[in-house]
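*Asks:* After the structure tokens below, expect a handful of questions from me.
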């Protein structure tokens with residue numbers, strides 16, 4: 001690492017330690033070299049012992065800047081990984097950053113589109129309409145048709161900042177994974193998922209494609225409106241779309257003043273969500289209040305407006321089927337069915353004891369269902385399910401995590417608009433109708449017709465496919481032997497690395513103690529400790 005990265009690495013470590021976040025790792029999970037090294041950093045003590053661990057984690061991420069703020073926001077949706085108190089605190093993170101100079105935005109747009117602003121747009125406002133950590137938004141008009149538009153532009157020089165922080169986060173994740181084997185949090189995988197999410201946000205062509213798809217799915221719909229994307233003007237760092245005017249969905253007073261039917265609006269939000277999931281298999285996965293507006297027009301026939309389609313979710317047919325059956329089984333209190341569906345779908349390991357899983361579900365969910373249905377939080381049911389399934393080693397399902405987050409948003413918005421909203425009564429007819437379409441002779445015949453061309457094409461090739469499969473099995477047996485040898489080599493390297501890290505920490509502590517009386521000996525010890533640490537880290541990072 002270069003000097004700049006070492007400084008940033010120290011800053012990250014010192015902020016985390018000053019907020020006492022080393023306490024998040026149980027002492028019995030900390031190898032003795034780590035405990036020894038932590039004691040040597042005696043000047044970095046927890047300065048906020050009176051705060052909860054969730055508050056300390058949130059404040060630490062806020063202090064580390066936009067990359068860590070967005071990481072915390074992503075972690076807040078991973079209820080399958082984090083304890084509830086941490087997830088709820090991280091959900092409070094706000095993506096508030098100062099805007100950058102409008103002249104820089106102008107130059108960025110001109111560079112991306114290859115023409116001066118004046119040749120394409122009129123009334124370009126250099127004062128941003130909105131600003132976030134990755135991009136900011138300016139208003140203008142299209143010269144070709146005088147349409148009002150917004151231009152979203154990526155922050156200049158944001159990519160090197162993101163790459164540096166992600167590289168350091170990946171290094172920290174590798175160290176955590178090495179020091180705490182079999183960690184359910186899977187830190188390296190989490191950082192990799194975050195990297196992909198950030199890269200998607202940096203490519204505005206991806207957001208444009210998502211918005212176009214969502215708009216097509218709800219074309220001529222009275223329930224949801226998605227602004228028009230001007231794709232000819234879109235580039236990787238620039239997105240141009242129709243400017244919309246609406247009432248923020250969180251501004252209930254303004255909605256009431258406009259005469260909006262809040263009950264119908266809340267119910268339509270639920271219908272829009274389930275339509276996206278079960279009809280289209282493609283849903284807007286970032287419907288927090290800042291991304292949702294309500295049309296001023298036709299307040300007695302209200303229409304939602306969705307913006308910022310940077311994050312979307314998709315579900316395959318099998319996931320939709322299991323999800324719908326799970327929802328119906330939940331509210332019929334058929335916990336056995338829920339447990340069996342989780343095993344059949346592969347969401348929990350196949351050796352899970354269904355009886356134990358059923359009993360755990362009943363213990364957690366039965367008190368919830370003792371309430372009237374109108375008072376039950378659909379999202380809370382999913383949260384309790386995830387927390388229970390986590391104890392049974394539920395495999396992470398990114399699409400379900402996004403769906404659960406979106407459902408929490410929709411339910412929260414719906415109950416804010418109309419506190420008596422019975423989400424189950426609104427959703428149940430939709431789910432039952434969808435299930436009827438998926439089960440029965442008509443559904444079976446439809447599936448056969450869909451698959452018939454595929455099997456007709458593959459049938460003549462079946463002998464060759466069987467032979468190729470048997471050959472691959474034999475080849476994979478040889479690969480397994482090779483992987484077994486690699487595992488033993490890696491295990492040996494990790495054992496050596498543990499020794500080097502422990503020796504380095506011990507020498508460092510000894511050098512600090514010897515420094516006042518034996519400066520030369522302390523310098524030698526410090527040099528050797530650095531060599532040990534570098535060698536140990538090198539062994540950790542080797543594949």
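Every residue, even glycine, has its Cβ placed from backbone N, Cα and C.
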*Asks:* Need the matching range: Swiss-Prot marks transmembrane segment on one of 478-498, 499-519, and I'd like to know which.
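*Replies:* That would be 499-519, per the transmembrane segment entry in Swiss-Prot.
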*Asks:* Name the residue, out of 152, 159, that Swiss-Prot lists for the same ATP site as 129, 130, 131, 132, 133, 134, 135, 136, 137, please.
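*Replies:* Swiss-Prot lists 129, 130, 131, 132, 133, 134, 135, 136, 137 binding ATP, and from 152, 159 it also lists 152.
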*Asks:* What is the interatomic distance between the Cα atoms of residue 286 (active site, proton acceptor) and residue 133 (ATP binding site), given in whole Å?
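*Replies:* Answer for this pair: 16 Å between alpha carbons.
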*Asks:* Between the two most separated Cα atoms in 129, 130, 131, 132, 133, 134, 135, 136, 137, 152, the residues recorded as binding ATP, what distance in Å do you get?
*Replies:* 14
*Asks:* Excluding near sequence neighbours, so keeping only residues 6 or more apart in the same chain, what lies with its CB under 8 A of residue 137 (ATP binding site)?
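*Replies:* 128, 129, 130, 131, 150, 151, 152, 153 - these are the non-local Cβ neighbours of residue 137 (ATP binding site), listed in sequence order.
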